[in-house]
Amino acid sequence: MKNGSDMCCFFFQVYMFNYDSTHGVFKGSIKVLDDSTLEINGKQIKVTSKRDPAEIPWGDYGADYVVESSGIFTTLEKAATHKKGGAKKVVISAPSADAPMFVVGVNENSYMPNMDIVSNASCTTNCLAPLAKVVHEEFGILEGLMTTVHATTATQKTVDGPSMKDWRGGRGAGQNIIPSSTGAAKAVGKVLPELNGKLTGMAFRVPTPNVSVVDLTCRLEKNASYEDVKAAIKYASEGPLNGILGYTEDDVVSNDFVGDSRSSIFDAKAGIGLSASFMKLVSWYDNEWGYSNRVLDLIEHMALVAATS
């Protein structure tokens, strides 16, 4: 039986599942069956309150695939504690220092069935990598700088507060545009080895609740007009990367992409070309919803590989 504090947390989870300030009210059904079980759309979901992943009885729950989304257990060693409780595979929903990293639409076909712990990279890498893949395969990228204009996240502060490792990160999220570091561009080199060392980047945290945008400024190997690059991205969005990479020529703004399940939506009107080999490419992403869909896609791919191996 849960204690009073655990039960309060349990019912708060139900409340938070039902009501979301960004994505709205949950349109399905959710019921509390007992002090450790929810029923969501007719399916029973077990709830625990263990701090140590090794103490969660994943095997008893029949959980073959576990999503490690605490942001704490992001290395192979730490994520492996889930396996002590019976999990067969662990997907880390964050970049990892040593786990194999995959971006669906880019390198998921290199996943091998003996890989028990993998990383789904970051939301920004999931936006940048498909775009970089298309441009590099068609025209070659000599070098590039990425800036992500990124929506506020839960680690930021509502008002100025202590932040010893990142002083600027301690400033009020709703009052400031905050320069920040990101490894998202360098991480592209892990999923596209041919771009390793050719990309780096930084972030600006801005006071919006959701949806971010990548600005990739790159120098190409082959001469190409901005129209040529647009055409290549449009072709990929309608063919091999359909559902992952999008393309729009509409006059869109960030809120237009809330709830968009694609990883990266290229904004043809926002980008610019300076010369035949130097241009700025702009692509949007719902850093919450789009990324979450890719986590599920990666698990589906892993299950398919397991079933056919």
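Think of each number as a place in line: the chain as shown, counted from 1.
Using the three backbone atoms N, Cα and C, a Cβ is placed for every residue, glycine included.
Its Cβ placed at the centre, Cys123 (active site, nucleophile) has 26 other Cβ atoms within 10 Å. The active site, nucleophile feature in TrEMBL is assigned to Cys123.
Taking a C-beta cut-off of under 8 Å and a sequence gap of six or more, Arg51 (NAD(+) binding site) has no contacts in its own chain. The NAD(+) binding site annotation in TrEMBL covers Arg51, Ser93, Asn287.
Sequence annotations record features per position, and here TrEMBL assigns D-glyceraldehyde 3-phosphate binding site to Ser122, Cys123, Thr124, Thr153, Thr182, Gly183, Arg205.
Each residue of the domain 'Glyceraldehyde 3-phosphate dehydrogenase NAD(P) binding' (7-123) gets a DSSP state, and the totals for helix, strand and coil are 31 helix, 29 strand, 57 coil. The feature domain 'Glyceraldehyde 3-phosphate dehydrogenase NAD(P) binding' is assigned by TrEMBL to 7-123.
According to TrEMBL, the feature site 'Activates thiol group during catalysis' maps to His150. Every protein chain considered, the tally of other Cβ atoms within 10 Å of the Cβ of His150 (site 'Activates thiol group during catalysis') stands at 23.
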Closest by Cα to Ser93 (NAD(+) binding site), out of the recorded positions Ser122, His150, Thr153, Thr182, Arg205, is Ser122
CA pair Thr153 (D-glyceraldehyde 3-phosphate binding site) / Asn287 (NAD(+) binding site), Å rounded to integer, equals 10
Same-chain shell around D-glyceraldehyde 3-phosphate excluding Ser122, Cys123, Thr124, Thr153, Thr182, Gly183, Arg205, C-beta within 8 angstroms of the CB centroid, reads Thr148, His150, Ala184, Ala203, Ser212, Asn287
Of the binding-site residues Thr182, Gly183, Arg205, Asn287, within 10 Å of Cys123 (active site, nucleophile) (CA to CA), in sequence order, we find Asn287
Thr182 (D-glyceraldehyde 3-phosphate binding site) and His150 (site 'Activates thiol group during catalysis'), compared by Cα position, are separated in whole Å by 10
